[in-house]
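Q: Quick one: the structure is below, questions incoming.
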Amino acid sequence: MAALAPVGSPASRGPRLAAGLRLLPMLGLLQLLAEPGLGRVHHLALKDDVRHKVHLNTFGFFKDGYMVVNVSSLSLNEPEDKDVTIGFSLDRTKNDGFSSYLDEDVNYCILKKQSVSVTLLILDISRSEVRVKSPPEAGTQLPKIIFSRDEKVLGQSQEPNVNPASAGNQTQKTQDGGKSKRSTVDSKAMGEKSFSVHNNGGAVSFQFFFNISTDDQEGLYSLYFHKCLGKELPSDKFTFSLDIEITEKNPDSYLSAGEIPLPKLYISMAFFFFLSGTIWIHILRKRRNDVFKIHWLMAALPFTKSLSLVFHAIDYHYISSQGFPIEGWAVVYYITHLLKGALLFITIALIGTGWAFIKHILSDKDKKIFMIVIPLQVLANVAYIIIESTEEGTTEYGLWKDSLFLVDLLCCGAILFPVVWSIRHLQEASATDGKGDSMGPLQQRANLRAGSRIESHHFAQADLELLASSCPPASVSQRAGITAAINLAKLKLFRHYYVLIVCYIYFTRIIAFLLKLAVPFQWKWLYQLLDETATLVFFVLTGYKFRPASDNPYLQLSQEEEDLEMESVVTTSGVMESMKKVKKVTNGSVEPQGEWEGAV
């Protein structure tokens, strides 16, 4: 490749090169976003995998929903010991809780168990066959597994690649025409059946299908691949390669049963966030004199959240209609989601530190928090994007999922530190009754602003010393008491904000997750409803607590503190401006007391 000719001077190329290097991480992220997952039409390719169990997918089915599984290639790198068993399992549950048989020891092999409540597909590559073992309740509670060579319900039974739509339509016709045949399946057929598979040089390929024909068969179905070793063989010496395609569909949507309402839910919540942002902008324009920089940052948050929800709804709409997202909409959603997450945690941390409310410069300790929170939040959002765009059965999926949980937990803990530090400063200021030697950042800011006003009135330093010396002791103690009361009131407000953040974290991270595990499969969308509702309530309450209005307890207390300083200075100095101190002389003696006399 020919070298590019240099353009411009070396001095001009330096900044351009540095700017280009700074853009490399963003370009890498965009390249990742440009390859989203295939939605509910899944394709997974594993090469030399050593895992004992691979979770291929989980999907909630309504009546007349179906799944088509096409194993294009499955090959083994067999060790010397042939005592190995591989196959698939199909589990059905009513919610997203953990299946009991999957929580066993790592050496536990479900394929070798005699009595199980799941459907098993056990492969025998040497004999080029697969055995289907169904539990006793398979006739009514579980659907029948159909192979393309068993019953010609998939249209072209001898071809491995089948159109999922035509397969579903043809199968539905077969079920309608042969309903009596399905209902009279003998016990032997429901117990165990064997089917031949295509073997091409040790790589087998086959296709199976099932249809949800009754209401009792509705549920959350999970498909797993298992590798069972004998005589405690090392797992790394026994690898497998798998190329599989899975198509899942409900009657009117490619979305899982619990995800079908999500597009409408996201659009509705986007409207409420947009409405709250509009109201907030109206408040800022109405109270311009009380607005700080942080208020405008808070205004950007609901609009960014609303845009993210709109693009998320569009993304789910295309997945629902065609089984995979449109890349452009997916990329836009991921970008807005990344911005929303970073902006949310930055805003929470800035409010906790009191930036713009009580101080305009962040301390070194505050800056360290932002140096931790911002990269962690970006990493958490990148992990979320990778999870959304990666198939569930890949090796990196579990790693990124665990990383997302850990990083998000660290972010939630880190944003609490600025609030705790502000509370500690206020406690120290309140404990000293407002004495100047231990004033917290709130009192310091009020005094600085009062001092700037004093300078604007052209008071000399000598006048300030005179005012301080002439201030009665009772006035000083009164001011100290008022300052302590102000600090206590601000301390109460920051404690409320701390509780508000903790409740937000609990509702969106813990309670919502427990709800997701507990509710039936068709109500899984309640998890997203609770998460979005809790976020909206958190936005509204935070805006109410720190609203730019004269009746805001936080801002009102700061204003009262400043007014107290100005009233003490301006009123006293205005009276004393034309006064002078004199001593009364009576019969040559000087009286100790003094009084004020007006200067003529």
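Backbone N, Cα and C define each Cβ position, glycine as well.
Since we're looking at a predicted model, the values are computed, not measured.
Pasting the feature list from Swiss-Prot:
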type	residues	note
SIGNAL	1-39	signal peptide
TOPO_DOM	40-263	topological domain 'Extracellular'
CARBOHYD	Asn70	N-linked glycosylation site
REGION	157-185	region 'Disordered'
CARBOHYD	Asn169	N-linked glycosylation site
COMPBIAS	176-185	compositional bias 'Basic and acidic residues'
CARBOHYD	Asn211	N-linked glycosylation site
TOPO_DOM	285-293	topological domain 'Cytoplasmic'
TOPO_DOM	315-337	topological domain 'Extracellular'
TOPO_DOM	359-368	topological domain 'Cytoplasmic'
TOPO_DOM	390-402	topological domain 'Extracellular'
TOPO_DOM	424-498	topological domain 'Cytoplasmic'
TOPO_DOM	520-524	topological domain 'Extracellular'
TOPO_DOM	545-600	topological domain 'Cytoplasmic'
Q: Write down the Cα-Cα distance for Asn70 (N-linked glycosylation site) and Asn211 (N-linked glycosylation site), rounded and given in Å.
A: 15
Q: Mind checking which residues of the chain, 6+ beyond the ends of the topological domain 'Extracellular' (520-524), have their Cβ under 8 Å from one of its Cβ atoms?
A: 60, 62, 93-96, 218-220, 256-259
Q: Looking only at residues six or more beyond either end of the topological domain 'Extracellular' (390-402), which have a C-beta under 8 A from one in the stretch?
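A: Counting only partners 6 or more residues beyond its ends, the topological domain 'Extracellular' (390-402) has Cβ contacts under 8 Å with 37, 42-44, 46, 49, 51, 54-58, 225, 383.
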Q: Take the topological domain 'Extracellular' (315-337) and count its residues per DSSP category (helix H/G/I, strand E/B, coil), listing them in that order.
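A: Counts, helix then strand then coil: 19 helix, 0 strand, 4 coil.
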Q: I'd like the number of other C-beta atoms within 10 A of the C-beta of Asn70 (N-linked glycosylation site), please.
A: 21
Q: Let me know how many other Cβ atoms fall within 10 Å of the Cβ of Asn211 (N-linked glycosylation site).
A: 23
Q: Compute the average pLDDT of the predicted model within the topological domain 'Cytoplasmic' (359-368).
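A: The predicted confidence over the topological domain 'Cytoplasmic' (359-368), as a mean pLDDT, is 76.
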Q: Pull the DSSP breakdown for the topological domain 'Cytoplasmic' (285-293) and write it out as helix, strand, coil residue counts.
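A: Grouping H, G, I as helix and E, B as strand yields 6 helix, 0 strand, 3 coil.
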Q: Is Asn70 (N-linked glycosylation site) helix, strand or coil when read with DSSP?
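A: DSSP call for Asn70 (N-linked glycosylation site): strand.
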